[in-house]
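Enquirer: Relevant sequence annotations retrieved from TrEMBL are reproduced here:
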- B:14-41: transmembrane segment (TRANSMEM)
- B:71-282: domain 'ABC transmembrane type-1' (DOMAIN)
- B:75-96: transmembrane segment (TRANSMEM)
- B:108-128: transmembrane segment (TRANSMEM)
- B:156-180: transmembrane segment (TRANSMEM)
- B:213-235: transmembrane segment (TRANSMEM)
- B:267-286: transmembrane segment (TRANSMEM)
Amino acid sequence: MTHSPEQAERIRKVQRTGAYLLLIVCTAAFLLPLLWMITTSLKDARSVLEFPPRFLPEEFHWENYWNAWNSTSFNRFLANSVLLTGLQVIGSLISCVLPAYAFARLRSRLRGPMFAAMLATMMIPGQVTLVPKFIMFSKLDMVDTYWPIVLPSFFGTALYIFLLRQFFTTIPQELVDSARIDGAGELRILWRIMIPLSKPAIATVTLMAFIGNWSEYLDPLIYLRTTELYTVPLGIALFRGQFEQQYQLMMAVSLMALVPVVVVFLAAQKHFIRGITMTGISGR
Amino acid sequence: MAAGPLARRESRRFLLFALPWVIGFVFFSGGPIIASIAISFTQWDLLGTPRWIGLDNYDKLLGDDVFWTALDNTLYFGAGSAVLSVIVNLAMALLLNMRLRGQAIFRTIIYMPSVLSGIATALLWIHVLHPDYGLINHLLGSVGIQGPGWLIDQDWAVPGLILMSVWTTGNAMIIFLAGLQGVPVSLYEAAQLDGAGWWSRFRHVTVPMMSPVIFFNLVVGFIGSLQAFQLILFMTDGAPGNASLVLGLYVYRYAFKFFDMGYASTIAWALFFVVIVFTALQFLLARRWVHYEHR
């Protein structure tokens with residue numbers, strides 16, 4: 001089966017156009033739920049329960065956002081989430097950079113077995129540790145406080161340590177050796193050489209920790225009882241009960257909760273993609 | 001090799017730097033894992049003292065009909081989500097890899113839901129899947145199909161959840177894209193010279209060359225989807241009946257609804273066992289279809 005060059009060129013063009021159309025249709029399928037979220041958030045209470053539904057609102061009800069914000073303690077939940085996520089990100093950075101440096105650059109007979117133990121913990125389902133951790137924190141009388149949510153972040157997360165360690169091992173040993181000869185201690189090497197040369201990995205871990213903790217639902221659900229302590233995801237669950245069938249308000253609240261994530265993602269998506277290609281898994 | 005004073009000093013520094021993780025391991029991961037094994041041999045409602053009951057919980061598990069239902073649902077959801085996500089994301093990666101204009105924008109849009117995934121998007125999907133007012137049945141209706149009772153109907157609860165989960169697996173697409181860029185162009189050129197059309201190029205070049213990456217995404221995706229339950233807890237809480245009850249959710253139910261810490265731990269270990277068995281099974285089957293270039 002042979003074609004003249006012109007024919008082959010035409011077939012290629014048709015195939016490319018077909019692929020392009022297919023790509024647009026498929027991508028639209030991914031985008032559509034998010035667009036639906038936006039249009040629903042601008043409808044009035046009557047038209048969200050219209051059958052058959054229509055995609056665009058008849059008129060734009062921007063006041064839904066104002067009403068959703070006011071009819072709940074959204075600002076309170078937002079402040080709580082900002083505080084918690086901020087602490088968790090700081091804790092993760094400190095407690096993952098140090099062990100990652102140890103696993104990458106400091107020799108010890110314990111290093112191999114400990115690294116294997118760390119990887120092993122990554123394979124055990126989270127459900128296994130759920131019960132013992134809850135028992136421990138309730139015996140410590142920490143239920144309904146932020147301690148059970150914040151404390152673990154300050155004691156290393158296997159995935160982040162693994163990711164940082166992979167990056168640290170790529171930094172030339174000569175740089176470390178020559179700093180040692182100049183009399184630099186480990187902390188100085190870490191601060192002056194490893195961290196500046198690993199900015200992409202640090203950024204990746206920061207983003208993963210931010211996104212993961214911002215949308216965490218289970219830990220706050222298990223540990224928090226007092227409404228004043230609720231985070232944004234718990235707040236949304238609370239609104240779902242209050243706003244029965246008022247989808248325009250639920251979508252408005254959800255969109256407000258997603259704004260920080262969208263902004264961070266669009267500003268730094270290359271770091272997310274780097275994180276995935278480095279570890280094969282996303283941080284969730 | 002005798003450890004000199006220098007080596008010993010470096011070993012001490014290693015421990016000092018690793019200390020945050022060591023403490024975390026003792027209290028938040030390794031320690032609780034061991035404690036969980038012990039708890040699974042007890043009856044404990046958290047208020048009283050734990051009572052050692054040996055293998056009673058495991059015995060109860062084998063005769064627990066709800067457990068077997070939950071296992072069924074877990075495998076259905078897990079396999080459905082993992083397989084569908086591999087198909088969808090591989091297709092999207094193939095399209096993106098044609099280096100069409102605007103590739104970065106398409107990639108951003110497809111990957112975005114994975115980053116947004118959480119309670120907010122779960123609430124969105126409750127609305128999107130609503131049988132009467134939802135987007136999906138609206139679209140199905142516009143081409144003349146009567147949409148099913150997503151999340152509400154016994155038979156359509158798990159498919160609805162699978163649909164949502166596939167929407168948030170864009171990371172598989174990123175990994176496929178990276179893998180596709182490693183397939184030598186010369187292989188496609190040679191196939192084209194032999195007169196191979198796009199399907200046979202896909203079948204005989206892309207699939208074998210990509211099989212390690214497909215395998216990776218399948219294994220990682222399946223491990224993840226077998227454990228998934230947070231969004232299911234929020235969206236259906238196992239309803240209708242126990243049609244969308246998965247093992248992770250069953251653990252949660254026994255721990256935080258029935259306060260039976262021993263049995264909850266037993267179910268958690270059963271889940272671990274299921275994950276290990278099905279991962280091992282995939283590695284065994286991999287010998288038949290995964291093709292490694294360098295052995």
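Using N, Cα and C of the backbone, Cβ positions are placed for all residues, glycine too.
The structure displayed is predicted, hence computed values, not measured ones.
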Enquirer: State, in range form, which of B:14-41, B:75-96, B:213-235 has the highest count of Cβ pairs under 8 Å to the transmembrane segment (B:156-180).
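Expert: Stretch with maximum Cβ contacts: B:75-96.
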Enquirer: For the transmembrane segment (B:108-128), give me same-chain residues lying six or more residues beyond its boundaries with a C-beta closer than 8 angstroms to one of its C-beta atoms, as numbers and ranges.
Expert: 92, 96, 134-136, 151, 160, 163-164, 167-171, 173-174, 231, 234-235
Enquirer: Between the transmembrane segment (B:14-41) and the transmembrane segment (B:213-235), are there three or more C-beta pairs closer than 8 Å, counting only pairs 6 or more apart along the chain?
Expert: no
Enquirer: Are there residues at least six beyond either end of the transmembrane segment (B:75-96) with Cβ under 8 Å to its Cβ atoms? List them, or say none.
Expert: 103, 106-107, 110, 158-159, 161-162, 165-166, 169-170, 172-173, 176-177, 179-180, 202, 206, 210, 214, 217-218, 221-222, 224-226, 228, 232, 244, 246, 274, 278
